[in-house]
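Asker: The structure is given below, and queries will be raised subsequently.
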There are 2 protein chains.
Amino acid sequence: GLRVAAAASASSSGAAAEDSSAMEELATEKEAEESHRQDSVSLLTFILLLTLTILTIWLFKHRRVRFLHETGLAMIYGLIVGVILRYGTPATSGRDKSLSCTQEDRAFSTLLVNVSGKFFEYTLKGEISPGKINSVEQNDMLRKVTFDPEVFFNILLPPIIFHAGYSLKKRHFFRNLGSILAYAFLGTAVSCFIIGNLMYGVVKLMKIMGQLSDKFYYTDCLFFGAIISATDPVTVLAIFNELHADVDLYALLFGESVLNDAVAIVLSSSIVAYQPAGLNTHAFDAAAFFKSVGIFLGIFSGSFTMGAVTGVVTALVTKFTKLHCFPLLETALFFLMSWSTFLLAEACGFTGVVAVLFCGITQAHYTYNNLSVESRSRTKQLFEVLHFLAENFIFSYMGLALFTFQKHVFSPIFIIGAFVAIFLGRAAHIYPLSFFLNLGRRHKIGWNFQHMMMFSGLRGAMAFALAIRDTASYARQMMFTTTLLIVFFTVWIIGGGTTPMLSWLNIRVGVEEPSEEDQNEHHWQYFRVGVDPDQDPPPNNDSFQVLQGDGPDSARGNRTKQESAWIFRLWYSFDHNYLKPILTHSGPPLTTTLPAWCGLLARCLTSPQVYDNQEPLREEDSDFILTEGDLTLTYGDSTVTANGSSSSHTASTSLEGSRRTKSGSEEVLERDLGMGDQKVSSRGTRLVFPLEDNA
Amino acid sequence: GLRVAAAASASSSGAAAEDSSAMEELATEKEAEESHRQDSVSLLTFILLLTLTILTIWLFKHRRVRFLHETGLAMIYGLIVGVILRYGTPATSGRDKSLSCTQEDRAFSTLLVNVSGKFFEYTLKGEISPGKINSVEQNDMLRKVTFDPEVFFNILLPPIIFHAGYSLKKRHFFRNLGSILAYAFLGTAVSCFIIGNLMYGVVKLMKIMGQLSDKFYYTDCLFFGAIISATDPVTVLAIFNELHADVDLYALLFGESVLNDAVAIVLSSSIVAYQPAGLNTHAFDAAAFFKSVGIFLGIFSGSFTMGAVTGVVTALVTKFTKLHCFPLLETALFFLMSWSTFLLAEACGFTGVVAVLFCGITQAHYTYNNLSVESRSRTKQLFEVLHFLAENFIFSYMGLALFTFQKHVFSPIFIIGAFVAIFLGRAAHIYPLSFFLNLGRRHKIGWNFQHMMMFSGLRGAMAFALAIRDTASYARQMMFTTTLLIVFFTVWIIGGGTTPMLSWLNIRVGVEEPSEEDQNEHHWQYFRVGVDPDQDPPPNNDSFQVLQGDGPDSARGNRTKQESAWIFRLWYSFDHNYLKPILTHSGPPLTTTLPAWCGLLARCLTSPQVYDNQEPLREEDSDFILTEGDLTLTYGDSTVTANGSSSSHTASTSLEGSRRTKSGSEEVLERDLGMGDQKVSSRGTRLVFPLEDNA
């Protein structure tokens, strides 16, 4: 049953029906125009905010300001604009706009309203707390700038994560894969559980103190733990990519943050999913927990597979069509296929973030080799620009949201409790996990790295996006406000404090910006990209010469050898002998690697470029998975270096030298390995590895 | 007063209040998840559609298919997917979703609904025709893919139009400026008036025949005339840019289409604006017409100024900050400033299309010179990709809309009438205007050009966007359906028929795609860009040598001289002596061009690069305004060509030769002029023109 009370001020005039209808049409037209103008203004606000941020970033770089990171800056500008919008814009008159119906059932997502025989459709915008009914209609502008969280997920996140995957230093990522998985999966779950329980204590305390006016269940606390446990790839990328900190530390932090997003998303949705089982208690039950773990593993592997599959499909398409004659088409296809990974994964109920990350890695490893020279630089630059814009947009928006979002619930006890819980939750997984990992790791995670990881628990855009997704209930609104404040705090304090902290903990960084006079743009580009796998070695692979591996090289080889599992070795030989030749124009011809009975298939799949050596070698990514380096040395203890390497090698040294502060001979050795790595993957040789030697 | 009838199927269960609330929360969560999934799927649909289109475009290019243009292809794919979505997807159950209220007042834009003490906000989606109430709730997917027309205006249009301005052949555009303005302004107004009147006749006929079930006023007819009169820059760009047809014809068609959008937008909004004056009659009155003309001129000049100002601001920012050390920041800034032009203009009530077009021209003329080498290619490539994606997206979407849009009103008489009216409307302005223009033009618009212009009355995305903006009333829905069909027809028939028509009318085209074997990418890039002003002359401006201008050159110079007005000459010298040095790093130092008493100001504004000649000359756009060529010759009848020009000149000839079919010596002469143009704008010389010689 329904009861409707009219609260509208409009009353139909006594004019003729035709006139009033025309007037109505006109009013609709005017309203549409006004709405269009407001849309323009709200978009314009963001664009001007970004422009201002860019100019200040330049000024900061120019004047070498260090105390505030650019993402923090974007947030400050967002805050200022938010204040202006909130208190500076005149309240638009709410007349003719509100109508209140009282309805005893639940809220429907769609409403059909019959106005003198015509039907109008309305859609649900959200709940409004009773005290704010009057303020809701007052400011259209605030409503316009508070846009759909879907935009974060579907539009802004994919380019950021894809760019991270596309420009990932695969060597360092895969070298630390075990530790990354441990921190990301176990660590986040531990942290979620600890934070959830601590917050439940806080909530109980608040109830005793009479500070809580609405329901707040145990599952709500766990949900909060899930959304706030995950460190944020966007923030970590923004801050550490800039600093060129130690690559292993960066790999650990970035790897953790990018994979624990998946954990956070999955945890939060599984917590919501098993609420029906504990409807009355909202308590935690073990069966549901294991169900969640199962769901999580399914979703994670599904996302991984989906990302890899889209990458492989793109590689096949770019290999077997002659699309590289049309760089524009090629770039557009590459962009669309990569973006579709994210959406496809989301549509199937998997995690888009994980899918698009692995898609990026696959694209860099295979598809990149098939692209035309122009498309390579185009795709990289396109994603770099999109990444930059999306990142700054998100941070500006977070700043803006503190004042423009209209449903904040500030609860000091909850906020303080959350800060403490986060600190404890992070401490409770970083130190124990590092201890256990160090038992198995050859290259130990030092105390300084552990402290840095403890310190760098940056929360950011992902937590924000998860929190803003549902702000219907009181508990969720309180969580959103708290999340926003935690993000502010971590970005400002931790973001600004990273440089001093790194130097205090004696962790090497390579922040050497070129002087203003040195305007060699390519050189600068080299700095900017930072984690770009493809630019590292200058291409000098015209002719080859086998050199005998010297002492330290072999020692290094033996050391790294033990770190890598036999599965990676197996994977590498499979990749080199079969996947590379099938998916790209490089690698040995399949006719030599496949058994004789699939000769026809092999001839079909092998690209003609593999046979004729006129075409320059397209294999350029030296930061290949760890085992590549080992194999070079395992394979008869010999490194293969370029013939004319002396001159180009010097060039690369001078470039790299300015990029990181060299830490003695090990750095040089590693670079030598890097050079060696690349050479060994020459075309036409089939690698056979002495697996029994290592396994 | 309000009367509400419940039509919802949901009824609250007898469970405890807490349980039901938890269930409700869960339902909201589930619904949000479902909605997120649907959003992903609808975006994914568009992305896969675009991917498919790209692959087929490649296939068409590869197999040299000519009968169907790629935009037509995108529409066909859109149509197919639309049919699948319409008839292939299962109707989602509408339960728990609809609630119908009967309300005797007008429809409000916001509804507040009170559900057991909680307030929910609803926003107006649109009107639903009574017969379709049941089908509305049935398919969420159809609703998801039918998205906000604002997206067209604010997101998809700006990159397309900006790219057009940024890569405009300024020489040809400004040479034909008078004719372009005549066709765009006068022609469109005439066409709008004729179509409006003819359609009023059709509507009267329909009323007599009893085919019209709802109101259709004279102003509605004029409105239809306004939205359908304008030819479309998106379609014209897509079809003619590809063909490399005669540059003057292209300039006329493109110029007309890009400027008459402004006319269409202004006409349509002024027709709506003066409806109140003729409330009872909905008739046309002369005073309102002249008021519209006034509004139009104000809006047009405002938009023009706004575009130019943002361009100038960007130029100043890029000149006086050292942003070019950071290509990423520079590119991002350039992108944001250019986009903000559009939004700024729309927010101020001007026309974003016109503003962004002139912003593009200004950016290409000034800012481009200040950008770093990397940013130049980045900006060009970024806008090229965005343009390509946006264009294909719009056409796919138009195809999709035919089946997914749920408020179509097909009226055969109206549709046939509209086709006839459009044909007559175009004939009634192209031929008379061309006749009058030819009286004044030195370079006549031939009969074949007139027929081609008559034939190329392509309607497209702009008409679609204007029509979809308001589909509330019956009349508007009929217009929308008709507009959609007209767009389909013109894109398929005219788009596909352009090539045969051009050859039938003996208009030269330069469609020479490189063979598959010729994979020189730069070469191909050269073809793709087509109207790129910056790549035309290979840069060979290291040293200069003055040669005596020979007979034919001077003759040509005298001929073009008469075409250009003195105002352009004045503008050019002002631009060269003052604007270029102020806004860019090129041109003569201001200290030499400004009077002595502003020496301090001049020193501040002149960039240091102007003084030292080490820096290579940044002036690269040879397709400068027409008068540049004249001035070269006027200025002592001498052309200036490069010293080592013989070799590079040959290279350029071979490139251009394959691009258009050469039409004898005039072509060669024009190219020589082009080379000469570029050289004369060297730094450090002040040009003083014998104005009295021409005026």
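The backbone N, Cα and C atoms fix where each Cβ goes, and this holds for glycine too.
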Asker: For the annotation transmembrane segment in TrEMBL, which listed range does it cover: B:480-505, B:558-583?
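Answerer: TrEMBL lists transmembrane segment for residues B:480-505.
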Asker: Out of B:1-34, B:69-102, B:137-170, let me know the one TrEMBL marks region 'Disordered'.
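Answerer: Based on what TrEMBL states, region 'Disordered' spans B:1-34.
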Asker: If you count every Cβ pair below 8 Å, which range out of B:151-168, B:180-202, B:222-240 shares the most with the transmembrane segment (B:332-365)?
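Answerer: If we count Cβ pairs closer than 8 Å to the transmembrane segment (B:332-365), B:151-168 scores highest.
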Asker: Counting Cβ pairs under 8 Å to the transmembrane segment (B:385-405), which of B:72-89, B:252-274, B:412-431 comes out on top?
Answerer: B:72-89
Asker: Can you work out which residues elsewhere in the same chain, 6+ from the ends of the transmembrane segment (B:294-320), have a Cβ less than 8 Å from its Cβ atoms?
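Answerer: Long-range Cβ neighbours of the transmembrane segment (B:294-320): 262-263, 266-267, 270, 273, 330, 333-334, 337-338, 340-341, 344-345, 348-363, 365-367, 370-371, 583-585, 607.
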Asker: Out of B:72-89, B:151-168, B:222-240, B:412-431, B:480-505, which stretch has the largest tally of CB pairs under 8 angstroms to the transmembrane segment (B:180-202)?
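Answerer: Most Cβ pairs under 8 Å with the transmembrane segment (B:180-202) come from B:412-431.
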Asker: At a threshold of under 8 Å on Cβ distances, which of B:41-60, B:151-168, B:252-274 pairs most often with the transmembrane segment (B:222-240)?
Answerer: B:252-274
Asker: Six or more residues out from either end of the transmembrane segment (B:252-274), which same-chain residues have a Cβ under 8 Å from its Cβ atoms?
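Answerer: Result: 161, 164, 173, 176-177, 179-181, 183-185, 187-189, 192, 219, 222-223, 226-227, 229-233, 235-237, 240, 285, 288, 291-292, 295-296, 299-300, 303, 351, 353-354, 357, 445, 449, 453, 456, 458, 462-463, 466.
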Asker: Using a Cβ-Cβ cut-off of under 8 Å, list the residues of the same chain that are 6+ residues beyond the ends of the transmembrane segment (B:151-168) and lie near it.
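Answerer: For the transmembrane segment (B:151-168), the list is 233-234, 237, 254, 258, 338-339, 342-343, 346, 352-353, 356-361, 363-364, 379-380, 383-384, 386-387, 390-391, 393-394, 461-462, 464-465, 468, 529-533.
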